[in-house]
Every structure is written in structure tokens, then in C-alpha cells.
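Engineer: Handing you a structure now.
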Amino acid sequence: MTQQITLIKDKILSDNYFTLHNITYDLTRKDGEVIRHKREVYDRGNGATILLYNAKKKSVVLIRQFRVATWVNGNESGQLIETCAGLLDNDEPEVCIRKEAIEETGYEVGEVRKLFELYMSPGGVTELIHFFYRRIQ
């Protein structure tokens, strides 16, 4: 027998910019034991990010952005240096990242190469990020 999961309750705690759920579920283990769990799960949608590499300059394109969560956690300025990224907002990942590249860096990237996808913080956040790469001039 494999593990089985049964949803008992899904209570929405907050539905402002994103959705915070309080999930109660039963996990039936392989040995038949049932364990009840209660967890908060933050649903912020899925996203995409791209590493833009300039081979001529042997450099990558990064952006600086304020991130309130890092400020709350002790980053005095709240500023981060990061790759271009954005939420999918019902777009396909490739479409999203092309839009974000233009919006955040000014580069029109055309075709992109998907590297992988990864859950960013699977213990409590639903977000799946699609990682892309593109050489630029």
C-alpha cells in the first residue's frame, strides 16, 4: 500500500494579493496508520525566471528589486540582486519570461531554453518556478 492523502478541510485565512490556506489532511502511511496534519500553505501562483548571459562581455544580466519579505527578515534595505522573473498570470512559462525580460531588462529574448522547474519552498509554498537560459548580445 502506498501513502494516501485525504483532504479534511481547506480554510482560507487570507485572500488578499495571494491566498493563505489552512489545510487539514489525513496521511495514511504504508503500514495503514492514519496521521492527521494541519498546515498553512501559501498559494502565490507559479512563475518563471531567466538567466541572461552576455558571452561577449562574459557577464549575466541581473536586476535589483525591493522584496518586503527579506526586509521583514532582517535585510535592512530589502533590496535583492536577482535574475529577471515573474508570475505566469495564466501565460505559458515561455511567454511569461519573454514579457518579463522586456519589462525588467529591456532585452527582447526570442527563443529561450528551458533548463528545469523547481518548487521554491515546498514545505509551505505552492510556487513552481520554470528556469530558462538565453545568450544575448
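Numbers run from 1 along the shown chain.
Cβ coordinates are placed from backbone N, Cα and C, and glycine is handled just like the others.
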Engineer: Looking at 64-85, 86-107, which stretch does TrEMBL describe as motif 'Nudix box'?
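Structural biologist: So the range that TrEMBL calls motif 'Nudix box' is 86-107.
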Engineer: Once the chains shown are all counted, how many other Cβ atoms turn up within 10 Å of the Cβ of A85 (Mg(2+) 1 binding site)?
Structural biologist: 20
Engineer: For the domain 'Nudix hydrolase' (43-137), what does DSSP give as the number of helix, strand and coil residues?
Structural biologist: 18 helix, 41 strand, 36 coil
